[in-house]
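Asks: Among the features that Swiss-Prot reports, disulfide bond is placed at Cys119-Cys202. Summarising the annotation, Swiss-Prot assigns N-linked glycosylation site to Asn194. Among the features that Swiss-Prot reports, region 'Disordered' is placed at 1-22. Under the heading site 'Important for responses to orexin', Swiss-Prot lists Trp36. Residues or ranges marked as topological domain 'Extracellular' in Swiss-Prot (evidence: similarity to another entry): 1-46, 106-119, 183-213, 322-336. Under the heading transmembrane segment, Swiss-Prot lists 47-67, 83-105, 120-140, 161-182, 214-235, 299-321, 337-360, citing similarity to another entry as support.
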Amino acid sequence: MEPSATPGAQPGVPTSSGEPFHLPPDYEDEFLRYLWRDYLYPKQYEWVLIAAYVAVFLIALVGNTLVCLAVWRNHHMRTVTNYFIVNLSLADVLVTAICLPASLLVDITESWLFGHALCKVIPYLQAVSVSVAVLTLSFIALDRWYAICHPLLFKSTARRARGSILGIWAVSLAVMVPQAAVMECSSVLPELANRTRLFSVCDERWADELYPKIYHSCFFFVTYLAPLGLMGMAYFQIFRKLWGPQIPGTTSALVRNWKRPSEQLEAQHQGLCTEPQPRARAFLAEVKQMRARRKTAKMLMVVLLVFALCYLPISVLNVLKRVFGMFRQASDREAVYACFTFSHWLVYANSAANPIIYNFLSGKFREQFKAAFSCCLPGLGPSSSARHKSLSLQSRCSVSKVSEHVVLTTVTTVLS
């Protein structure tokens, strides 16, 4: 996404592409007030956009910060997948804190108000965050694919994950340098350039018209089309491995056919029921691992799907604009403006959506989020949830003992 790029100047306002525009000195101040009142002051629907941006800003910053704190404060959550999730959250915090305010002001005022230096820095950081997000999601998919589909080919470790994260940032910072190099700030009303930054534009300047077509075609393929295609194939194989049919009689097949292992595992952990036999315990461990892998895979698939949907509109619009030259003389300019504005917002909404996904699809993250808010809402603390779970387990203990005896006897017979 390009936070500085706008579809064009406001309708009815003279631009540098038209006739020379001159104002008598006495009328400059009056003209600026006129521009602010009729063109720059937010319209009613733009106030809705501002509220949506503010909501995304707060949710993204708070949510992604809590994700980082949850992994940092809990050693049992420092898994390879969670390291990559933290890296994704850091990229979301970066783009939200630095790029979102600029995008909001550009979308509302259609003016670049931050000067020449930030005209290069902010779009560059935006491109870097996109690259980091795509590469991080790709490494997550690759790690899950190896762990589930080919566990003997590659052993993932936390040290390798940290090295991969450093490599992701190094590659992203390097390959996005051209984005900063081509960004320039200019005014569509040069006569007022020394009086105001209104109607200044931060946009790309290329030496030849062919270069942006090549660059943005490659950008779309490398940061969207190709990685999403590869990740889709990886998760398809993961889905088949975790939910597909298995050879009858194998342990994995038994895991799929046994529908209620959670009560027994929780009861054993709390010491409420008798301890099962060693081989049965191994089976229960595999049940737990299978269920955990399913939950993790489901969460990561949702994260990838939301990312693809949120980045699709701006990716397509940028290709249409930069590669095919559309929207330069758009007849219905308000519709084009609305499309670009909504697509910009969707990119930041993705940053806010990720912590929400973790909350609903990951029990560990949900407990940590509840613990973080427990100072304000004591009923949300993990201790309350644990007490409720303990009472529930005690009420089921007698039933669990009987079902455990029957199931474990059957499992032991089959596995012998």
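Positions of Cβ are set from backbone N, Cα and C atoms, glycine also.
Structural setting of the listed features?
Replies: For Cys119 (disulfide bond), the count of additional Cβ atoms within 10 Å of its Cβ stands at 22 [all protein chains shown].
For the topological domain 'Extracellular' (1-46), the model gives a mean pLDDT of 56.
Within the topological domain 'Extracellular' (106-119), the DSSP-based counts of helix, strand and coil residues read 9 helix, 0 strand, 5 coil.
Packing against the transmembrane segment (83-105) from elsewhere in the chain are residues 3-4, 49-50, 53, 56-57, 60-61, 64-65, 67-68, 71-72, 111, 113-114, 118, 122, 125-126, 128-129, 132-133, 136-137, 139-140, 143, 158, 161-162, 164-165, 168, 344, 347-348, 350-352, 354-355, 358: each is 6 or more residues past its ends and has a CB under 8 Å from a CB in it.
Long-range contacts of the transmembrane segment (120-140) within the same chain: residues 1-5, 81, 84-85, 87-88, 91-92, 94-95, 98-99, 102, 114, 161, 164-165, 168-169, 171-173, 175-177, 179-181, 183, 202, 223-224, 227, 230-231, 300, 303-304, 307, 311, each at least 6 residues beyond the stretch ends and with a Cβ under 8 Å from a Cβ of the stretch.
Long-range contacts of the transmembrane segment (161-182) within its own chain (CB-CB distance under 8 A, at least 6 residues past either end) are made by residues 80, 83-84, 87, 120-121, 123-124, 127-128, 131-132, 135-136, 139, 143, 204-206, 212, 215.
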Asks: Are the transmembrane segment (47-67) and the transmembrane segment (299-321) close enough to be called in contact, which here means at least 3 C-beta pairs under 8 A that are separated by 6 or more residues?
Replies: no
Asks: Quickly jot the same-chain residues contacting the transmembrane segment (214-235) by Cβ under 8 Å, restricted to those at least six beyond its ends, or write none.
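Replies: Those are 130-131, 134-135, 137-138, 141-142, 144-145, 178, 297, 300-301, 304, 308, 311-312, 315, 318-319, 322-323, in sequence order.
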Asks: Where else in the chain does the transmembrane segment (299-321) make close Cβ contacts, counting only residues six or more beyond its ends and a cut-off under 8 Å?
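Replies: Residues 1-2, 5, 7, 81, 130, 133, 137, 140-141, 144, 216-217, 219-220, 224, 228, 231-232, 235, 239, 327, 339-340, 342-344, 346-347, 349-350, 353-354, 357-358, 361-362 contact the transmembrane segment (299-321) from elsewhere in the chain.
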